[in-house]
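Accompanying notes for the structure given below.
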Amino acid sequence: METLQGLLLWLLLSMGGAQASREPLRPLCRPINATLAAEKEACPVCVTVNTTICAGYCPTMMRVLQAVLPPVPQVVCNYREVRFESIRLPGCPPGVDPMVSVPVALSCRCALCRRSTSDCGGPKDHPLTCDDPNLQASSSSKDPPPSPPSPSRLLEPAGTPFLPQ
């Protein structure tokens, strides 16, 4: 009887009854749709903009003997190529530049976190939504993403060149 049960178990397992998926468990680093908030202190309107950002999983390692060996540098999902699109904020008073630059991720990669261009974790200094929801206006022709993730933010002036690492 035990031989028969063992044979049946072997047969089920060998036919793919317990087969691992070839897909990664977490989505890897790639451009994804996201909604960002664009606002200026002097302008009375906050505009939400649909764009692409870099997000996803990057393989990392941690040393077992942390006290003896130096830490292993951790990589995060970073922009490889990015372009900036200018958005005009409506209702800005005269003398205030109504243009805001928004990043559009063209490609991404796993690399060391660059604080100059990425949100490396820790306290958030810029909200991902408008400060005052009553002032919110929408400015986008694309369909909104299914759910806004916690993105790396990359808001720089349009004239600032971006050089990939």
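Each residue, glycine too, has its Cβ placed from N, Cα and C.
Per Swiss-Prot, the residue from Cys29, Cys130 that shares a disulphide bond with Cys77 is Cys29. In Swiss-Prot, the cysteine linked to Cys113 by a disulfide bond, out of Cys108, Cys120, Cys130, is Cys120. Here Cys43 is paired by Swiss-Prot through a disulfide bond, and of Cys92, Cys108, Cys110 its partner is Cys92. Out of Cys46, Cys108, Cys110, the record in Swiss-Prot bonds Cys54 through a disulfide to Cys108. Listed in Swiss-Prot as the disulfide partner of Cys58, from the options Cys110, Cys130, is Cys110. Comparing C-alpha positions, Cys43 (disulfide bond) sits nearest to Cys108 among the disulfide-bonded residues Cys29, Cys108, Cys110. Scoring each of the disulfide-bonded residues (Cys43, Cys92) by how many neighbouring Cβ atoms lie within 10 Å, the top position goes to Cys43. Not a single one of the recorded positions Asn33, Cys77, Cys108, Cys110, Cys113, Cys120 has a C-alpha within 10 angstroms of the C-alpha of Cys92 (disulfide bond).
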